[in-house]
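Record features (TrEMBL):
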- 96-134: coiled coil (COILED)
- 141-211: domain 'PAS' (DOMAIN)
- 212-263: domain 'PAC' (DOMAIN)
- 295-424: domain 'GGDEF' (DOMAIN)
- 6-27: transmembrane segment (TRANSMEM)
- 39-63: transmembrane segment (TRANSMEM)
- 69-86: transmembrane segment (TRANSMEM)
């Protein structure tokens, strides 16, 4: 009976041990070599413990049990212990393997994330480098622009919508007699008269309204120089106009040259008559000839009475048209050989060639008849009116052409006074 029980325990123990081996082999499939070697060492330790118990402890320390029962019990207990260890180790290994998988997954994700972070960092570094290069280029460009603006001979300044100065370059500061920074917070009106400020504001308002550049001529009261002002809109990031840049270029020398060129010309550009220079050139020759021949020379001095009214009421275009009509009246009233000139804004002078005193009076009458005929055709564009003075060159008492014009001017003003007194 004892042997049967012992044999049963041994059989069961062997079965459990076999189950442990099968379980261990299953664990081996999923376990790493490191963990598996640890588990094998633990299993061998269990077998060694069983052998020590059977071969050493039992013979040295007899127990009140039969050797068969004791051997079977030890085998069964050892097998159960080994199976417990294997199962526990298997579960532990399984948990470890799962954790390792999770760790691997996390590690892989971290690797991907790190790679993405590296790419992002590289991209950011490139963007930062490009931004720094752009900033450096912009600073260099701004320095170059400021250097050009500060070194130019033109006055440059920027005005905001409140007509405050945002910037004034070195040239314009010198013209205004101020130092750098003195203009901060100050407006255009702080440095200019109310009349000039009003005129300037009107031009700037037009730039803000139309959104395009304008050019205007300007005579400075500060230095009496002629300037060409170019006003350009400054647009903000939203496309609106936030300020106006003004470039003031001195054109005084150009104006002087234009005046010299006009003076070199002998004809008036608007009317086609002789100008003052042309009249003096021809009149001086004619008076010298009259002086040699002992002939009188008559001079008719005419002034338009209402040109200012026509300009103010109908505009300068109609004023120019009135001057042209007056010039044509003079051409139609006198001969082609006579010297007819426009010597001022609304002043005309005629020196008839070889005309007697009676012929001069007839010609003046014809002049006023032509004037009345022209007025009938002018409708509502303003009647033309002339004041006329007549004088003459006397070889017995020679005078210059300039003196003749002074005499004619006085006679013309006498005629003008007579007309006013008659109207009253």
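Glycine is treated like the rest: Cβ placed from N, Cα and C.
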Q: Give, as a single whole number between 0 and 100, the mean pLDDT over the domain 'PAC' (212-263).
A: 84
Q | Secondary structure composition of the domain 'PAS' (141-211) [DSSP: H/G/I, E/B, coil] | A | 38 helix, 12 strand, 21 coil
Q | Helix, strand and coil residues within the domain 'GGDEF' (295-424) as assigned by DSSP | A | 69 helix, 27 strand, 34 coil
Q. Could you give the number of helix, strand and coil residues in the domain 'PAC' (212-263) as assigned by DSSP?
A. 12 helix, 26 strand, 14 coil
